[in-house]
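Single-structure report; data block below.
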Amino acid sequence: MDRAVLLLSVLSLGVSSQPITEGQRLFSIAVERVHNLHLLAQRLFTEFESSLQTEEQRQLNKIFLQDFCNSDYIISPIDKHETQRSSVLKLLSISYRLIESWEFPSRSLSVGPAARNQISPKLSELKTGILLLIGANQDGAEMFPDSSTLQLAPYGNYYQSLGADESLRRTYELLACFKKDMHKVETYLTVAKCRLSPEANCTL
């Protein structure tokens, strides 16, 4: 029995002492950062929604379900099965575009200055990290083989002065889309990171 316990201890030590590659380290950092951004987006949306009247929530949710997020123009997997079939480079490239699409609109989010000041640097850091991962996984492939010159239109008219109702709708749309996109990026980066572990089950 003692011998078996000793053998298991040695095997466990061997597994835990496996070196972590630079790619795994970068992926871990990127996943943690987008997870924090996703949590922040969820909190901001929940706080804004709780400040609305019940009828306002219902109407805005109804309008949002009929609308599109600006980032919907970025071609991405339509479901979890397509996500799992996508290459690591494709998932990274889509994630990069999604993060990039929020660099300017995030400055107009109707949230407190403390939260808004957190978002821009977090997006910038995550974008830099994803770019490093793309470079490490490119292997001679073109970074954005599909529509590399894609230009996204601004989010609604957030740069213009709006009436109270339109301003409310704009804020709801921006926060809901921000939450949706951070969830997408977290999913894509988590699946891409999982691919580094051949024995891992990457089922969503």
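Just so you know, glycine gets a Cβ as well, placed from its N, Cα and C.
Feature annotation from Swiss-Prot assigns Zn(2+) binding site to His35, Glu186. Residues or ranges marked as disulfide bond by Swiss-Prot: Cys69-Cys177, Cys194-Cys202. Swiss-Prot lists Gln18 with the feature pyrrolidone carboxylic acid. Positions annotated as signal peptide by Swiss-Prot: 1-17.
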Fewest other CB within 10 angstroms, which one of the disulfide-bonded residues Cys69, Cys177, Cys194, Cys202? Cys202
In Å, rounded, how far does the Cα of His35 (Zn(2+) binding site) sit from the Cα of Cys69 (disulfide bond)? 20
By the 10 Å Cβ-neighbour count, the most surrounded of the binding-site residues His35, Glu186 is Glu186
Sorry to bug you, but what's the C-alpha spacing from Cys177 (disulfide bond) to Cys202 (disulfide bond), rounded to the closest Å? 26
Alpha-carbon distance [Cys194 (disulfide bond); Glu186 (Zn(2+) binding site)] in Å: 12
